[in-house]
Amino acid sequence: MTAAAAATPMIRMSGVDKFFGPLHVLRNIDLEVPKGQVVVVLGPSGSGKSTLCRTINRLEPIDKGTIEVDGQPLPAEGRALAKLRAEVGMVFQQFNLFAHKTIVENVMLAPVRVRGVGKDEARRTALELLERVGIATQADKYPAQLSGGQQQRAAIARALAMRPKVMLFDEPTSALDPEMVQEVLDVMTTLAAEGMTMLVVTHEMGFARKAADRVLFMADGEVVEDATPEEFFGAPKSARARDFLGKILTH
Amino acid sequence: MDFLSRYDLLGAFWVTVQLTVFSAIGSLVWGTVLAAMRVSPVPVMRAFGTAYVNLVRNTPLTLIIIGASLGLYSTLGLALADDTSGTFLKDNNFRLAVLGFVAYTATFVCESLRAGINTVPVGQAEAARALGLRFGQTLGIVVLPQAFRAVIAPLASVLIALTKNTTVASAIGVAEASLLMSEMIENESDKLFLVFASIAVGFVVLTLPTGLLLGWVAKKVAVKR
């Protein structure tokens, strides 16, 4: 990688505004995420953190400002946008595995249909990925036959099958039973350690402390704090962040 | 009951079956296209789909079938068969009837399918788009296969309605079951109820298994969430 390429941030947002009707959900967001960085986005519900995550691959269009992924501005809806989305992995709160396809078919689908990879090769890669996230034995089952934790790990494998440049996680453990949260976080921690650029919206403070390079704290559509995990959890600067941490860390 | 042997009951019902099968295939294809238009992001497509469905669905079928014969063929000269062949009138009327049934039944297929699309959680399409699938792929690979599985039972009702609707083709002289019935009524006026019963039984024989089979298929392929 040349110095210039390394300097291009993976995600760049500048002056981003977004409204849901009269509700101002994102207020003048400026953000740069360098390659290889793991960013955790924290904040109370309704603070705009999920929306922020979803604007990066344009699942939510923005009203003002610009977003660039790896130096390329987000195109309008169409072929070019589909191409860009193929390089941005996304993991949803509700897993969203294709309910009519088996786990291995879920993982193979996009490489075959979007990248034109041969079926045999796609299946081999898919099984390797499922092995990596620890559910290779479930490959031929349907999503509804798996536990939530297994489904979410399959969804991570499905996103990784496209060899994305960056992974977006939109509250990946919020819909899980407590005993299944750790298995998903373990996969994400491994991914972070391997150098994947990640933006993770979550309520898992343990993951933020352990795996994050940087914590963004959002409230009312604004990025209120932008700090390392040590700084944020040790000495939050804003009253809102102290209030938020006080509520979730005392029990 | 031996008066029945004087008539080609099987032959007439065979025409009914052919009308039904060709119209069903056509309606399924055209109805799917209409549904795709009605959910597409392109405003012109949506407007056309909506206008077509509301116009055609609310027009009486008899009017559409007679319109196909008198309007498309007699007035505009649209022939769907080789007019030098000996069976021209028979073939042309049959095909015009199929065209009319497809135009009409597709609107019901479209609306069933649209209801089916609404049963597919929006996250399914979001996941497909996030993976880089284009609109057509998202619809064709992820949304429609799940929508179809959800609406097999309602589509069975549409198919049963279509089977019985084919009797309207007698209005333009297609020799299906109800045209034969009219002929039998004229010749066998002393056995009216027997005539009615034999035609009715014929239709039940066609539609009852359709409903049962598709009901079973619907259960079999249902998507578990």
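Backbone N, Cα and C atoms are what each Cβ position is placed from, and that goes for glycine too.
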Feature transmembrane segment in TrEMBL, mapped to one of the ranges B:39-57, B:58-76: B:58-76
Dominant neighbour of the transmembrane segment (B:96-117) in B:12-37, B:58-76, B:138-162, B:192-218, by Cβ pairs under 8 Å: B:12-37
Segment proximity, the transmembrane segment (B:12-37) to the transmembrane segment (B:192-218), 3 or more C-beta pairs under 8 Å: yes
